[in-house]
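To keep things clear, I will list the structure first and then write my remarks on it.
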């Protein structure tokens, strides 16, 4: 079967801006598929490989990006390779197989006999002609590219079992909990047009099942998108798994390199793999030099023709230098990607790092990573327009765009030019034992976009999940309340929780406050039907914490509660509040008016931002909630501009890449949150000795082992000097929890 007349098309899945978030901050400026590896956009490599397919008629890029973001690239690559390339934009997620089926009419326009399907974030040699030849000999619907990996890493991918003689796919399972096979799916396929019939069969079967299925009362309460849409079809679970062992799919095993490009660190490794492949496929792209007329080149190096490299610089191995970069005298570059318009000044060193567009590294500075491509901070990443000043060392760090580093950094997420990371007090309320601390100039204020970027980084390359961040935030809110308002003085707490993450923080805080000895009540009028929020509600109900409807709330909140936690809306909220939250906000506003305020009035604690305030302009009308305390992670400009005086505590989120617990430094632990519990001469000189005493005392008294402790000190003048927080435990990557 098969002859010279058979035509083929290729489809490359490129994802979208909401996919591949672990690739940030590099994808904040450019779509991930266009990020350069070995001097070429990521998607250029699979496209170039497709050109080797016999009788290739068309290449399709399928993704969620706006057409304008790929228009220039599609035009230039079509002219460069002399192969028609077309971008198809998905209107909504259809799944890996459903996305293919969604554009079946366009794909079949050329009447192809074979359809190649590739994933953009795969780095390999793409043996496509060899796969096609094997596929023709098998005679099935499709052939998968597979590779043998270590048993320890196999469960991170789709594992499969194949007949050792016929290469028929016998069993397929996606990311199994137990070991199945050391052969994994590489994400590269070749199909006959019969694949569309198989995909349609899944959709039809799902429609029939939805029609015949008896809906339980529980399912009726779930949102309509809880079950998979009929046009959402996954290639692995819905096609490969059920059709395995039916002589429909076969495998082709590669012995060459293969990696997935999920994180910035892996992009550096994959750039090196593509550079080494250039020796066989594009030797003219590799630089050379002996240090006489040109820089000394060691190993595989790509230098863009417009880049300027001083002859005394030493470059390589595994270095890619992009357009208009300038490398100064005596600079040393090893295993790094230097992006457009970067300046590396004299005698600077860059090792295991990616330097973002328009960034500058000063004289005698050093930017370096450990070289562990899989570790969260194994490769140092500088975002766009980062300035590293002279004689500064940056090790194992991620730096967001537009920052200036004038001091050395190690194993950290650098988020601001000035040290803002959790802990400065901008004002305190009237408390008998408190002293007013007012120094707003010590804080670096962030705008809404910068705060959102930090969230993206935490949940992207640093690997934090939403529930982890919510747990830390809720614990921080509860701890802040406990430090300022003792349960013996203010015990009854009403937490008003909104439908988003801010409300989730409030639910977590209520649980911790219960364990701290308070009596919390929850008002959660618009429950979010997601597993995370359902779990939080279940935890609270298991503790017999009362849930109150809006109708059940007393008319006068001041007579029933000592503290009201405003966890309705966070800094991402836009627009005007809708019922019932508009009424709840009005009641909180009334609670804070001077006519309502007296010694017995409940205090208001707002989480992140007083609900209803403009996220950057603050209480524009002057008629918003007047909180007594604001507990947040991000210091937004509204707090700087506000004329209010309230207790302001920034939540602790400890992000560090330390090797072991005792490498925590005073620089990372010191916090200036006000809490005058001890004088400096009342605690151990070494804070770890103090923490260990606390742990031992807690265990001796029969308490469960604490997972978090805080130490606050004041100087001889009675002013707060430091706050140290220890979250006990270190994971395998050295992150402190």
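Every residue gets a Cβ built from N, Cα and C, even glycine.
These figures come from a predicted structure and were not determined experimentally.
For 501, 502, 503, 504, 505, 570, 571, 572, 573, 574, 575, 576, 608, the entry in TrEMBL reads (6S)-NADPHX binding site. Here TrEMBL flags 502, 566, 611 as K(+) binding site. Annotation source TrEMBL lists domain 'YjeF N-terminal' at 451-660.
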Protein Cβ atoms within 10 Å of residue 566 (K(+) binding site), excluding its own: 28
Residue 566 (K(+) binding site) versus residue 503 ((6S)-NADPHX binding site) - Cα distance in angstrom: 9
Segment-level pLDDT (mean, integer) for the domain 'YjeF N-terminal' (451-660): 77
Cα proximity to residue 575 ((6S)-NADPHX binding site), best match among binding-site residues 502, 566, 611: 611
Whole-number Å value for how far residue 566 (K(+) binding site) lies from residue 501 ((6S)-NADPHX binding site) (Cα to Cα): 13
Cβ neighbours within the same chain of residue 505 ((6S)-NADPHX binding site) - under 8 Å, at least six residues apart: 470, 473, 474, 477, 567, 570, 607, 608
Distance, residue 573 ((6S)-NADPHX binding site) to residue 502 (K(+) binding site) (CA atoms, angstrom): 10
Secondary structure of residue 566 (K(+) binding site) (DSSP, helix/strand/coil): strand
Reduced DSSP assignment, residue 505 ((6S)-NADPHX binding site): helix
Lowest local Cβ density among 501, 502, 611, which the record lists as binding-site residues, within 10 Å: 501
Inter-residue Cα distance where the pair is residue 611 (K(+) binding site) and residue 571 ((6S)-NADPHX binding site), in Å: 9
Around the Cβ of residue 575 ((6S)-NADPHX binding site), the count of other Cβ atoms that are within 10 Å: 6
Inter-residue Cα distance where the pair is residue 566 (K(+) binding site) and residue 573 ((6S)-NADPHX binding site), in Å: 14
